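First the structure, in the form of structure tokens, and then the observations on it.
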Amino acid sequence: MAGMLLKCMFFFVSVCLAINLAKCSPNSKKTYIIQMDKWAKPDVFVDHVQWYSSLVKSVLPSTPEVGKTGNEEERILYSYQTAFHGVAAQLSEEEVKKLQERNGVLAVFPEIKYQLHTTRSPLFLGLDREDSSKLWADRLSDHNVIVGVLDTGIWPESPSFNDSGMTSVPSHWKGVCETGRGFEKHHCSKKIVGARVFFRGYEAASGKINERGEFKSARDQDGHGTHTAGTVAGSVVRGANLLGYAYGTARGMAPGARVAAYKVCWVGGCFSSDILSAVDQAVADGVNILSISLGGGVSSYNRDSLSIAAFGAMEKGVFVSCSAGNGGPDPISLTNVSPWITTVGASTMDRDFPATVELGTGKIVTGASLYKGRMNLSTQKQYPLIYLGSNSSNLMPSSLCLDGTLDKASVAGKIVICDRGISPRVQKGQVVKEAGGVGMILTNTAANGEELVADSHLLPAVAVGEREGRAIKRYASGRSATATLRFLGTKLGIRPSPVVAAFSSRGPNFLSLEILKPDMVAPGVNILAGWTGALGPSSLPIDQRRTNFNILSGTSMSCPHVSGIAALLKARHPDWSPAAIKSALMTTAYVHDNTYKSLKDASSVTPSTPYDHGAGHINPRKAVDPGLVYDIGAQDYFEFLCTQELSPSQLMVFGKFSNRTCHHSLANPGDLNYPAISAVFPEKTKLSVLTLHRTVTNVGSPISNYHVVVSSFKGAVVKVEPERLNFTSKNQKLSYKVTFKTISRQKAPEFGSLIWKDGTHKVRSPIAITWLASV
């Protein structure tokens, strides 16, 4: 018996080793993105696609491998020709090395896997107020703005995409409506003006898509894409709700705008070659705004294919909004940090979905839930309460309620306490239900703090904060612990709000401390928007409920809020650049909640900083008339890159499209004309004075007189020259400089603001001062 076991183990190890060796073989093929110098194309080639094909063919072995064609056309997945120039191709390591030596090859990027950063918000943002009706009147020009949404596709039957009353599709639109299983030409409309799918990179990495189990078309079976598209530009829908929760009128931020759906995410994730192709195609199609609620970590600017593509989109006048990521509250957890990308963090609204836990002692703990189902607990009865973890801070598989970890004999008929983490929140409830539990109390850990995220659970369940969670677990460790759960519906007027979400990724931007990120925060907690008809609101396959709307949380939800507001600004100010739109959003953002106190961090319940909230919370009604804007052109961004210690060949990935070269107009990376100001004193303590420069453009009244107000700091004296800016015409530009003089180097960064005031406008820039410590 022992000999047979040894043989089986040897066979298993041999198979695993063979598989791993095959994966590591220099001849195994992976997807690479090859960026090309479009100007280096030899005249012998008719077009760039023919040239790219020839280059790929030149590095392939002359004799095809057994069972494979080796054909260059089969190796090439995509050709990029608008926001990015080059190809995505499947190559071996040896072939990549050969290709890098070829003339015209600027850079080679390995495929990267990205992840999704998963209707009261219009009213909360002031978009439904009576006094804003003139400000945001639904004009015909609003209908000319097209937002490209890169996501999981779209559910065209959602009432959020009703095109009643919309004008014909704008003449500048060049996109198409691709058909496939479940998606026909008629599914596009005057609201959904285009739909495309991008899957070649995904299939190259993960194998063919199972078309029986997944729509290989623009139809959204996940729900995420429908939700983000509805948040951006959903039509007005009265009586919208999720199982009775959040009942009211739902609408996107820009209900008059059009949507173009670019499906780049599939069951197994989203791949960079597909995303890059979607960005490239969207710009060629004629989108005005790109909304991208996904991320894949942080790479240097010249190694980040999405950053490079976004640079190309910006050059074409396209505003690019991306989610900051859900890595909070850990510091330095941001993604999508390039200065030409608008990086959006998440915050709460003044709406909540309260639920309570009543313990056997009579104590009542308030939490949150979206539970609505047939299985209900009597509020007149107490149920046994159990926690299958220890009282230490160490989490266990059973305390996390992971699949297969709960003993049915111990759990049956009881309310189970589950720690948040590892598995999806709603899945924990399903594990409890399958084990015979009658309810769940989901407790936050230190990573989540006191932030409450409501979920549409499949059994009675309430989420509670970490502090109350610890107390409930202590109570449950005693004998005869009991509890019951009560669900209280929807509550408005929550104070304080907004609050920075605990999950929202945090700065600083470690690629460039001089560029303060995130740029801003927007509603991203418990957001109601359109939903797929292919999946229940819990997103679990077992959930047979179907709803037109769902409530989700994440920076994936905050990003489309900003994308939609950017669409409104573009309609109102069609001549504004992407940088001008971002500036208007940042300089009018607010940093106080509805109790008139500083914005708070949900994870610590202490005041947040610009590393958490950026310039602040978006304020659309102010952004339409910001007074002044900090404009930045493509060459200005390139000059910033020239300060980032990139080699000439690394800079070429950004400069070749327009033959850009360094003019060395920025003495310091912090001199980029960014709406936020970050002064970084290097480790050399002798440098005690730092001067940064800014230029503002008057977009308000022709005759405008501004004076400056700047915060006081412990570690430095800040002087602004001149202290007054007197404009005599619209679009006039005036410059000023900010001098920081160190009086006492601080161990931690200091934060404040610089505000230009003219009696009507307050043009606010956050300030961060950092003294780098000697190692």
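The backbone N, Cα and C atoms fix where each Cβ goes, and this holds for glycine too.
Note that the structure is a prediction, hence the values are computed from the model and not measured.
According to TrEMBL:
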SIGNAL    1-18  signal peptide
DOMAIN    31-117  domain 'Inhibitor I9'
DOMAIN    143-595  domain 'Peptidase S8/S53'
ACT_SITE  D151  active site, charge relay system
ACT_SITE  H224  active site, charge relay system
DOMAIN    383-472  domain 'PA'
ACT_SITE  S556  active site, charge relay system
DOMAIN    671-769  domain 'Subtilisin-like protease fibronectin type-III'
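Cβ neighbour density within 10 Å is lowest for H224 among the active-site residues H224, S556. Residue counts for the domain 'Subtilisin-like protease fibronectin type-III' (671-769) under DSSP, helix first, then strand, then coil, are 1 helix, 58 strand, 40 coil. Counting residues per DSSP class in helix, strand and coil order gives 21 helix, 21 strand, 48 coil for the domain 'PA' (383-472). Broken down with DSSP, the domain 'Inhibitor I9' (31-117) shows 26 helix, 29 strand, 32 coil. For the domain 'Subtilisin-like protease fibronectin type-III' (671-769), the model's average pLDDT works out to 96.
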